[in-house]
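Listed in TrEMBL for this protein:
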- 28-251: domain 'RNase H type-2' (DOMAIN)
- ASP34, GLU35, ASP142: divalent metal cation binding site (BINDING)
- 250-271: region 'Disordered' (REGION)
Amino acid sequence: MDLSELERDNTGRCRLSSPVPPVCLKEPCVLGVDEAGRGPVLGPMVYAICYCPLSRLEDLEALKVADSKTLSESERDRLFAKMEEDGDFVGWALDVLSPNLISTSMLGRVKYNLNALSHDTATGLVQFALDQGVNVAQVFVDTVGLPETYQERLQQRFPGIEVTVKAKADALYPVVSAASICAKVARDQAVKNWKFVEKLQDLDTDYGSGYPNDPKTKAWLRKHVDPVFGFPQFVRFSWRTAQSILETEAEDVKWEDSETGDQEGPGKIKSYFSESPQTCLRLPHRYFQERGLESATVL
(Lines of atoms letter the chains of each structure in order from A and count residues from 1; the text may use other names and numbers.)
(Lines give C-alpha, C1' and ligand atoms only; values in the text may rest on other atoms or scores of the structure.)
Protein backbone atom coordinates (compact mmCIF):
# COMPACT_ATOMS: atom_id res chain seq x y z
CA MET A 1 0.00 0.00 0.00
CA ASP A 2 1.53 3.29 -1.12
CA LEU A 3 1.14 5.91 1.62
CA SER A 4 3.81 8.25 0.23
CA GLU A 5 1.29 11.10 -0.08
CA LEU A 6 0.59 10.90 3.66
CA GLU A 7 4.31 10.62 4.42
CA ARG A 8 4.96 13.84 2.46
CA ASP A 9 2.28 15.74 4.40
CA ASN A 10 0.70 14.11 7.44
CA THR A 11 -1.11 17.21 8.69
CA GLY A 12 -4.36 16.80 6.73
CA ARG A 13 -6.00 13.89 4.97
CA CYS A 14 -5.32 11.75 1.95
CA ARG A 15 -7.36 9.32 -0.14
CA LEU A 16 -6.07 6.16 -1.77
CA SER A 17 -7.88 3.68 -3.99
CA SER A 18 -7.39 0.61 -6.11
CA PRO A 19 -8.27 0.54 -9.80
CA VAL A 20 -11.97 -0.17 -10.30
CA PRO A 21 -12.44 -3.72 -11.63
CA PRO A 22 -14.29 -3.52 -14.99
CA VAL A 23 -16.87 -6.03 -13.76
CA CYS A 24 -17.83 -3.60 -10.97
CA LEU A 25 -18.83 -1.02 -13.57
CA LYS A 26 -21.38 -3.38 -15.06
CA GLU A 27 -22.72 -5.77 -12.42
CA PRO A 28 -24.57 -4.74 -9.22
CA CYS A 29 -22.10 -4.56 -6.36
CA VAL A 30 -22.11 -4.85 -2.57
CA LEU A 31 -19.98 -2.36 -0.64
CA GLY A 32 -18.78 -2.44 2.97
CA VAL A 33 -17.61 0.45 5.16
CA ASP A 34 -15.46 0.30 8.30
CA GLU A 35 -12.74 2.21 10.13
CA ALA A 36 -9.57 1.66 12.13
CA GLY A 37 -8.10 3.90 14.80
CA ARG A 38 -11.17 5.75 15.98
CA GLY A 39 -10.33 5.48 19.70
CA PRO A 40 -6.53 5.90 20.02
CA VAL A 41 -4.94 9.14 21.18
CA LEU A 42 -2.04 8.54 18.78
CA GLY A 43 -1.97 8.36 14.99
CA PRO A 44 -4.54 8.74 12.21
CA MET A 45 -8.04 7.38 11.83
CA VAL A 46 -8.59 5.45 8.60
CA TYR A 47 -11.93 4.84 6.91
CA ALA A 48 -12.15 2.24 4.16
CA ILE A 49 -14.60 0.78 1.69
CA CYS A 50 -14.35 -2.55 -0.08
CA TYR A 51 -16.67 -3.69 -2.86
CA CYS A 52 -17.27 -6.57 -5.25
CA PRO A 53 -20.08 -7.81 -7.52
CA LEU A 54 -22.93 -9.57 -5.75
CA SER A 55 -22.27 -12.50 -8.06
CA ARG A 56 -18.72 -12.82 -6.64
CA LEU A 57 -19.54 -12.41 -2.97
CA GLU A 58 -18.92 -16.11 -2.31
CA ASP A 59 -15.44 -15.70 -3.81
CA LEU A 60 -14.76 -12.89 -1.33
CA GLU A 61 -16.04 -15.04 1.53
CA ALA A 62 -13.72 -17.84 0.36
CA LEU A 63 -10.75 -15.63 1.22
CA LYS A 64 -11.84 -16.11 4.87
CA VAL A 65 -11.84 -12.40 5.65
CA ALA A 66 -12.77 -11.58 9.25
CA ASP A 67 -13.00 -8.66 11.64
CA SER A 68 -9.50 -7.17 11.56
CA LYS A 69 -9.39 -6.99 15.37
CA THR A 70 -9.46 -10.81 15.51
CA LEU A 71 -6.51 -11.18 13.12
CA SER A 72 -2.79 -10.82 13.65
CA GLU A 73 -0.86 -8.20 11.70
CA SER A 74 0.65 -10.86 9.44
CA GLU A 75 -2.79 -12.35 8.75
CA ARG A 76 -4.18 -8.92 7.84
CA ASP A 77 -1.25 -8.23 5.53
CA ARG A 78 -1.70 -11.63 3.85
CA LEU A 79 -5.43 -11.10 3.31
CA PHE A 80 -4.93 -7.59 1.95
CA ALA A 81 -2.30 -8.92 -0.47
CA LYS A 82 -4.78 -11.61 -1.55
CA MET A 83 -7.47 -8.98 -2.19
CA GLU A 84 -4.94 -7.08 -4.30
CA GLU A 85 -4.28 -10.26 -6.30
CA ASP A 86 -8.03 -10.61 -6.84
CA GLY A 87 -8.27 -7.09 -8.23
CA ASP A 88 -10.28 -8.40 -11.17
CA PHE A 89 -13.37 -8.39 -8.93
CA VAL A 90 -12.42 -6.66 -5.62
CA GLY A 91 -11.92 -2.91 -5.26
CA TRP A 92 -11.18 -0.67 -2.30
CA ALA A 93 -10.67 2.95 -1.31
CA LEU A 94 -9.70 4.64 1.92
CA ASP A 95 -9.49 8.02 3.61
CA VAL A 96 -6.65 8.69 6.08
CA LEU A 97 -7.47 11.45 8.58
CA SER A 98 -4.47 12.85 10.43
CA PRO A 99 -4.44 13.45 14.20
CA ASN A 100 -4.01 17.15 13.47
CA LEU A 101 -7.13 17.27 11.28
CA ILE A 102 -9.18 15.34 13.85
CA SER A 103 -8.19 17.58 16.75
CA THR A 104 -8.52 20.91 14.95
CA SER A 105 -11.95 19.83 13.71
CA MET A 106 -13.12 18.90 17.20
CA LEU A 107 -11.72 22.01 18.88
CA GLY A 108 -12.59 24.56 16.21
CA ARG A 109 -14.85 27.52 16.85
CA VAL A 110 -17.59 25.59 15.05
CA LYS A 111 -17.48 22.18 16.76
CA TYR A 112 -17.23 19.16 14.46
CA ASN A 113 -17.42 16.09 16.67
CA LEU A 114 -15.89 12.72 15.92
CA ASN A 115 -19.24 11.09 15.09
CA ALA A 116 -20.06 13.76 12.51
CA LEU A 117 -16.56 13.52 11.04
CA SER A 118 -16.90 9.72 10.85
CA HIS A 119 -20.33 9.88 9.20
CA ASP A 120 -19.20 12.43 6.62
CA THR A 121 -16.04 10.48 5.81
CA ALA A 122 -17.99 7.25 5.27
CA THR A 123 -20.57 9.07 3.13
CA GLY A 124 -17.78 10.63 1.10
CA LEU A 125 -16.22 7.25 0.35
CA VAL A 126 -19.54 5.76 -0.82
CA GLN A 127 -19.99 8.80 -3.06
CA PHE A 128 -16.42 8.38 -4.31
CA ALA A 129 -17.19 4.82 -5.41
CA LEU A 130 -20.30 6.02 -7.25
CA ASP A 131 -18.33 8.82 -8.91
CA GLN A 132 -15.82 6.20 -10.08
CA GLY A 133 -18.68 4.39 -11.81
CA VAL A 134 -19.04 1.48 -9.38
CA ASN A 135 -22.54 0.01 -9.72
CA VAL A 136 -23.34 0.02 -6.00
CA ALA A 137 -26.58 -1.82 -5.15
CA GLN A 138 -26.09 -2.61 -1.43
CA VAL A 139 -24.09 -0.91 1.32
CA PHE A 140 -23.24 -2.42 4.73
CA VAL A 141 -21.80 -0.15 7.42
CA ASP A 142 -20.35 -0.72 10.88
CA THR A 143 -22.26 1.79 12.97
CA VAL A 144 -21.03 4.90 14.73
CA GLY A 145 -23.68 6.04 17.17
CA LEU A 146 -27.26 4.81 16.88
CA PRO A 147 -27.53 2.45 13.88
CA GLU A 148 -31.16 3.40 13.15
CA THR A 149 -30.36 7.12 12.90
CA TYR A 150 -27.20 6.51 10.87
CA GLN A 151 -28.99 4.15 8.48
CA GLU A 152 -31.83 6.62 7.94
CA ARG A 153 -29.34 9.36 7.15
CA LEU A 154 -27.45 7.22 4.64
CA GLN A 155 -30.66 5.95 3.06
CA GLN A 156 -31.81 9.52 2.48
CA ARG A 157 -28.42 10.40 0.99
CA PHE A 158 -28.42 7.35 -1.32
CA PRO A 159 -32.11 6.59 -2.02
CA GLY A 160 -31.41 4.16 -4.85
CA ILE A 161 -29.19 1.91 -2.75
CA GLU A 162 -30.17 -0.64 -0.09
CA VAL A 163 -28.38 0.47 3.09
CA THR A 164 -27.83 -1.65 6.22
CA VAL A 165 -26.13 -0.23 9.32
CA LYS A 166 -25.37 -2.61 12.19
CA ALA A 167 -23.24 -2.78 15.30
CA LYS A 168 -20.36 -5.26 14.84
CA ALA A 169 -21.01 -5.31 11.09
CA ASP A 170 -17.34 -6.18 10.60
CA ALA A 171 -18.06 -9.55 12.22
CA LEU A 172 -21.38 -10.08 10.40
CA TYR A 173 -20.72 -9.20 6.75
CA PRO A 174 -17.62 -10.33 4.85
CA VAL A 175 -17.53 -7.19 2.71
CA VAL A 176 -17.31 -5.07 5.90
CA SER A 177 -14.64 -7.43 7.26
CA ALA A 178 -12.67 -6.80 4.07
CA ALA A 179 -13.04 -3.04 4.55
CA SER A 180 -11.85 -3.33 8.15
CA ILE A 181 -8.73 -5.19 6.98
CA CYS A 182 -7.96 -2.45 4.43
CA ALA A 183 -8.37 0.23 7.10
CA LYS A 184 -6.25 -1.56 9.70
CA VAL A 185 -3.42 -2.37 7.29
CA ALA A 186 -3.29 1.28 6.23
CA ARG A 187 -3.31 2.59 9.81
CA ASP A 188 -0.63 0.13 10.96
CA GLN A 189 1.59 1.21 8.08
CA ALA A 190 0.94 4.91 8.71
CA VAL A 191 1.83 4.59 12.41
CA LYS A 192 4.92 2.48 11.75
CA ASN A 193 6.29 4.89 9.11
CA TRP A 194 5.14 8.16 10.71
CA LYS A 195 7.38 11.11 9.78
CA PHE A 196 7.86 13.37 12.79
CA VAL A 197 8.33 16.97 11.66
CA GLU A 198 9.38 17.78 15.21
CA LYS A 199 13.01 17.15 16.12
CA LEU A 200 12.36 15.05 19.22
CA GLN A 201 15.18 14.08 21.54
CA ASP A 202 15.49 10.37 22.28
CA LEU A 203 12.41 9.54 20.21
CA ASP A 204 10.82 6.35 21.48
CA THR A 205 8.76 4.58 18.83
CA ASP A 206 7.33 2.07 21.27
CA TYR A 207 3.99 3.83 21.73
CA GLY A 208 2.15 0.94 23.28
CA SER A 209 -1.34 0.36 21.85
CA GLY A 210 -1.97 4.07 21.36
CA TYR A 211 -5.17 3.87 23.41
CA PRO A 212 -5.71 6.44 26.19
CA ASN A 213 -5.82 3.90 29.03
CA ASP A 214 -2.52 2.19 28.08
CA PRO A 215 0.19 3.04 30.68
CA LYS A 216 2.91 2.79 28.02
CA THR A 217 1.03 5.26 25.79
CA LYS A 218 0.58 7.67 28.70
CA ALA A 219 4.29 7.42 29.52
CA TRP A 220 5.16 8.21 25.88
CA LEU A 221 2.89 11.26 25.96
CA ARG A 222 4.53 12.56 29.14
CA LYS A 223 8.00 12.01 27.71
CA HIS A 224 7.32 13.90 24.49
CA VAL A 225 5.20 16.83 25.64
CA ASP A 226 6.85 20.22 25.17
CA PRO A 227 6.08 22.54 28.11
CA VAL A 228 5.30 25.46 25.77
CA PHE A 229 4.25 23.99 22.41
CA GLY A 230 2.56 20.82 23.59
CA PHE A 231 2.55 17.55 21.67
CA PRO A 232 3.95 16.39 18.33
CA GLN A 233 1.38 16.26 15.51
CA PHE A 234 1.23 12.50 15.98
CA VAL A 235 -0.98 13.15 19.03
CA ARG A 236 -4.71 13.90 19.03
CA PHE A 237 -4.50 16.78 21.46
CA SER A 238 -8.30 17.00 21.66
CA TRP A 239 -8.41 13.69 23.60
CA ARG A 240 -8.99 14.08 27.32
CA THR A 241 -5.88 12.05 28.16
CA ALA A 242 -3.70 14.48 26.20
CA GLN A 243 -5.42 17.50 27.73
CA SER A 244 -4.91 16.16 31.25
CA ILE A 245 -1.19 15.70 30.64
CA LEU A 246 -0.94 19.23 29.24
CA GLU A 247 -2.60 20.56 32.37
CA THR A 248 -0.02 18.89 34.62
CA GLU A 249 3.16 18.85 32.48
CA ALA A 250 2.94 22.05 30.41
CA GLU A 251 2.95 25.70 31.42
CA ASP A 252 -0.08 27.89 31.95
CA VAL A 253 -0.56 30.89 29.71
CA LYS A 254 -0.85 34.15 31.66
CA TRP A 255 -2.59 36.90 29.69
CA GLU A 256 -1.77 40.58 30.17
CA ASP A 257 -4.99 41.26 32.04
CA SER A 258 -4.45 38.32 34.42
CA GLU A 259 -3.34 38.88 37.99
CA THR A 260 0.06 37.19 37.81
CA GLY A 261 2.28 39.03 40.30
CA ASP A 262 5.99 39.71 39.74
CA GLN A 263 7.48 36.37 40.71
CA GLU A 264 9.19 34.41 37.96
CA GLY A 265 9.81 30.70 38.12
CA PRO A 266 9.45 27.41 36.29
CA GLY A 267 5.72 28.06 35.87
CA LYS A 268 6.18 31.27 33.86
CA ILE A 269 6.58 31.38 30.07
CA LYS A 270 9.22 34.16 30.45
CA SER A 271 11.50 31.72 32.23
CA TYR A 272 12.09 29.96 28.87
CA PHE A 273 13.79 33.08 27.48
CA SER A 274 16.64 32.95 29.99
CA GLU A 275 19.44 30.44 30.20
CA SER A 276 19.09 27.93 32.96
CA PRO A 277 19.80 24.22 33.46
CA GLN A 278 16.12 23.55 32.81
CA THR A 279 16.07 25.20 29.38
CA CYS A 280 19.37 23.64 28.27
CA LEU A 281 18.06 20.10 28.65
CA ARG A 282 15.96 20.26 25.46
CA LEU A 283 16.70 21.14 21.87
CA PRO A 284 14.88 24.30 20.77
CA HIS A 285 11.38 23.59 19.46
CA ARG A 286 11.09 23.50 15.66
CA TYR A 287 9.15 26.80 15.80
CA PHE A 288 12.44 28.50 16.79
CA GLN A 289 14.68 26.39 14.56
CA GLU A 290 12.67 27.06 11.39
CA ARG A 291 12.79 30.82 12.06
CA GLY A 292 16.43 30.98 13.12
CA LEU A 293 15.50 32.24 16.60
CA GLU A 294 17.70 31.86 19.66
CA SER A 295 16.97 32.38 23.34
CA ALA A 296 17.76 35.85 24.63
CA THR A 297 19.71 36.18 27.86
CA VAL A 298 18.57 39.76 28.40
CA LEU A 299 15.07 41.07 27.80
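Glycine is treated like the rest: Cβ placed from N, Cα and C.
Keep in mind that TrEMBL annotations are predicted by a computer and have not been checked by a curator.
Note that the structure is a prediction, hence the values are computed from the model and not measured.
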Integer mean pLDDT for the domain 'RNase H type-2' (28-251): 93
Cβ-Cβ neighbours of ASP142 (divalent metal cation binding site) (radius 10 Å): 26
Env. residues of divalent metal cation site, Cβ within 8 Å of mean position of ASP34, GLU35, ASP142 Cβ: VAL33, ALA36, TYR47, ALA48, ALA122, VAL141, VAL144, ALA169, ASP170, VAL176, ALA179, SER180, ALA183
Most Cβ neighbours inside 10 Å, all chains, among the binding-site residues ASP34, GLU35: ASP34
